Amino acid sequence: MLQSNYATLDAGLKAVQDAPDFSSPEKMCVRCPEDRSVLAAKGTTFTLVESPAVKPCHNTPATRAKLSEVRVESLFGPRPGTTVGEGSYNMLIRLIHNREQLTMCKYHYHVTVRKCPPLHLPEHAHGSCSLNNAWGSRCQLTCSQGYKLVGHDVTECGDKLKWTNPLPQCRAVKGCPLPMSPEHGRLSCETPERGEGSDINSSGDMLDEGSVCRYVCDPGYTVPPLQAHLAVIRCRSHSWNSTTDPSCQAETANMPQVVLADAQYRHALRHHRKRASCWANPCQGGGTCLNGPHPSKPMLCICPPDREGEYCERARCQEELCENGGRCMVHGDKAVCYCPPDFTGPRCQVSQVSDNRVYSTDAIPVINKSYTLAH
């Protein structure tokens, strides 16, 4: 392939050399540029092609002054100012001065992307990397469903071309993924009895094998009768016995109330009736309540990403909530973004002249006359 490229370059070189020569007796003498090697910057896998460095044959003040008048014409290969990825490129140029061809030059342009060693992920692990294993790449690590990640969930290709964190392990979890709460409703889940002194599985994304969850609608809403069989689900063999979630719809005068008629599920729900603290739904802000077997911890709230506290009673600033340098702060019961000048919007995502307002994440502006960034 390289010989073929050189054959093309030589053919182009001969064609131009055979063209009429309009040189003058005072034809300027220049040297062809040398081969060039460049490194891609951190966080990128490409670079801009730079103009070749042309030098005079005789380094005198007069020739150096005329050097700026030399024009470079690209005949083959990437042109200066274009982007190229990693690789070696054959370049053919023509140097012209005062409308006269001085010479033809061919050289190589090498682009190198610095890299860390390839990530060899353990079994059941998955990685999503911004730039594969290139310098500056950031990789988010996860495990397959049914497995729990033990270790760091993020690693980066650092300046020493080493990954910043060791790879995690994925351990099998006997249980089911935590279901999502329905709109206009909540989930109430119970874990199975595991003996005195046992504790609740509080991993936040898995429930123990044998757990039972019930969908409970907010006042004024109910599960439609045709979805009544979906209102209670049970974790069996690492999966829920139903993959379809019920919905909570607004009650009407003619809509009958859903009654759980399956004796098997009624028995499961009665299993911890004396400690069923979740039926009153103490979790706030869309948190999921888990009933546990330990008397000292009869319930546990699993909070969504934007809430925290024992009962999910406090708003929480999420990572990267605010854009363009905005700062997140808890304002009342909501996380809000304090935007820098020239940016606005709920997440500081709109570029415009600042109007001295602070926006909450639900797009309701909160006026802040002092307008200062959060610290």
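Note that Cβ sites are derived from N, Cα and C of the backbone, with glycine treated the same way.
The structure displayed is predicted, hence computed values, not measured ones.
The Cβ of Cys170 (disulfide bond) lies under 8 Å from the Cβ of Pro122, Glu123, His124, Ala125, Cys143, Ser144, Tyr147, Lys148, Leu149, Val150, each of which sits 6+ residues away along the same chain. Feature annotation from TrEMBL assigns disulfide bond to Cys143-Cys170 (among others).
Feature annotation from TrEMBL assigns disulfide bond to Cys339-Cys348 (among others). Reduced to three states, the DSSP call for Cys348 (disulfide bond) is coil.
Per-residue confidence over the domain 'Sushi' (114-172) averages 93 (mean pLDDT, predicted model). The domain 'Sushi' annotation in TrEMBL covers 114-172 (among others).
Among the features that TrEMBL reports, domain 'Sushi' is placed at 187-250 (among others).
Marked as domain 'EGF-like' by TrEMBL: 274-310 (among others).
Here TrEMBL flags 313-349 (among others) as domain 'EGF-like'.
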Residues in the domain 'Sushi' (114-172) grouped by DSSP into helix, strand and remaining coil: 0 helix, 26 strand, 33 coil
Densest Cβ neighbourhood among Cys143, Cys339, Cys348 (disulfide-bonded residues), 10 Å radius: Cys339
